[in-house]
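For reference, the structure is listed below as structure tokens.
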Amino acid sequence: MGVTGILQLPRDRFKRTSFFLWVIILFQRTFSIPLGVIHNSTLQVNDVDKLVCRDKLSSTNQLRSVGLNLEGNGVATDVPSATKRWGFRSGVPPKVVNYEAGEWAENCYNLEIKKPDGSECLPAAPDGIRGFPRCRYVHKVSGTGPCAGDFAFHKEGAFFLYDRLASTVIYRGTTFAEGVVAFLILPQAKKDFFSSHPLREPVNATEDPSSGYYSTTIRYQATGFGTNETEYLFEVDNLTYVQLESRFTPQFLLQLNETIYTSGKRSNTTGKLIWKVNPEIDTTIGEWAFWETKKTSLEKFAVKSCLSQLYQTEPKTSVVRVRRELLPTQGPTQQLKTTKSWLQKIPLQWFKCTVKEGKLQCRI
């Protein structure tokens, strides 16, 4: 996984851990949980010894749970790549935990998969589980597959993040982002640390600019979902499709969709029309603001906790998230009043592109 933590608790150590560590490990035995302290609006790794081993953690009110999206670590987010990280399995009960705050996601997913006999592959979402509330692009995949198992799990042990709830399984027709859940340790209990309240409008009703962000749904058709021979089609309309490739970015697909409409390339019969993109066409168009906001730096650091000698003997490589400062002439998209923390909205800016002589020409 992309997130490397600083503390691991093997199964045979469970009975000897304190209540604090037991709370941390609730999330999953195999996880490495990053621990940190908020100082001056940044997430910094701090000496766990100062808080735990010297009894400075006075109550669980000093813990704040956050959802961290995998895409911030640079994992491939295109549909063919992302779906390979998920797999069906039986005999393992699903688990759900809550988290208090999260990031804005660039890519989310929504699955409606059926078996060849027409039965559903994925369970319906339990009461109270709603879709991830902040997605720039929602990749909605419909189709069929063998679905050899009761539930779809994450092969790398990550969670599927929903609206302030994280589950180990995928629910039918419910938008999710891939991620992990981690605790932040505050120097002292702060009631107003996360002061902003999430908006409650559904993801598909955000075209009003006053809502503060845009969400676009991109639709796909899948056959053989969950197998090595899965085929994906990008849906332009119910009769016009494009063969999907991993190199296609969401921005390229939207540009391609507009090009097919404006150039009259849609199916004009009752039959299905499937296009294939010329391999020479540049598909690397993307939103620079997203990756600027998600910049990460790799640093070496050693755990100095009194527990470190039990569980870790050498420094680990960890991902430290750094918030990008806007230039004085720049401003973020309209947003709700919030604390000055590293959990911020993604300033959305995008390219405008035209197709001339078979080549994409883009400008900001």
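Note: Cβ is positioned from N, Cα and C throughout, glycine not excepted.
Listed in Swiss-Prot as the disulfide partner of Cys147, from the options Cys121, Cys135, is Cys121. In this structure, Cys108 (disulfide bond) is part of a beta strand by DSSP. Each residue contributes its Cα atom, and for Cys147 (disulfide bond) and Asn228 (N-linked glycosylation site) those atoms are 13 Å apart. The two recorded residues, Asn238 (N-linked glycosylation site) and Cys121 (disulfide bond), show a Cα separation of 23 Å.
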